[in-house]
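What TrEMBL records for this protein:
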- 14-39: transmembrane segment (TRANSMEM)
- 51-72: transmembrane segment (TRANSMEM)
- 116-239: domain 'Palmitoyltransferase DHHC' (DOMAIN)
- 160-188: transmembrane segment (TRANSMEM)
- 200-222: transmembrane segment (TRANSMEM)
Amino acid sequence: MEINVFKFCSGLRVLGHVMILLVAAIVGVSYYAVVFLTYGPLLLRGGFDSFLSFTIVIIFHVLLVLLLWSYIRVVLKDPGSVPENWRAVSGEESLEVGTSLAAAEDGFERRSRGGGYCIHCQNGKPPRCHHCSICQRCVLKMDHHCVWVVNCVGACNYKFFLLFLLYTFLETTMVTIVLLPSFINFFGEAKNHSSAAKSAIIFLAFVLNFAFALSLLCFVVMHASLLSSNTTSVEVHEKKGVIRWKYDLGRKKNFEQVFGTKKSLWLFPLFSEDDLEKIPALRGLEFPTRSDVDA
């Protein structure tokens, strides 16, 4: 009797729900420390203090809204599923059906150039598709499974994940900076029992945000590098020894393959209908290569 040990990986999804609660707790502590304890009371003082506090509170809320919006989108959005009975077309068939997804759909199967076969899903695998042992299914252009969002990061939600990463880094960095003066005063005020609870909350918020800001900086730099070369975390190992990655279309086109061409939506977890229609990579079944661009 064969036992598939990878099925036990699906238990990690339970950990993801704990992570969601942890994110909510960190947001709550940070909000209370920045808005209610530190800068909220200064809004009515008048003068430069009020202006500075108002600016900090506004920026804090803008980043928080964008952070939560991106987080909700990456949690709820399907990263991309392989259609049933999908199979890759041969070289001769590709000449007939072209590269259009619409032209390759016959009602029972959807086809694209390249790809393989998944023995777990018993279905075809489009190019850049990988099987997730935690989700127990194939994910289009899979980057990784993220326990923080209880979801895989793939073709359809990678932009949302990158924005969540960016806004979380900016928010935690900002909280760290604005709470730094209060953190420095913590050791002096800790002796005053009347402000001990307030100081403890500010201390906790500062330490948590500082730790997350440092760790997120590494992830932001890493994913910025991957984005610039049109590479996923999984493909880093696949492209070793390759002189020029076949999906590397140049930094501008690589960026548009994930964020779309509509500049007004680049900073929001949204896609225009025009981009979804004209950029096959956003759907995760077809990806242009250097040979396509050079041709």
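Quick reminder: no glycine exception, Cβ is built from N, Cα and C everywhere.
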Average model confidence [pLDDT] within the domain 'Palmitoyltransferase DHHC' (116-239): 91
Residue counts (helix, strand, coil, in that order) that DSSP gives for the domain 'Palmitoyltransferase DHHC' (116-239): 71 helix, 18 strand, 35 coil
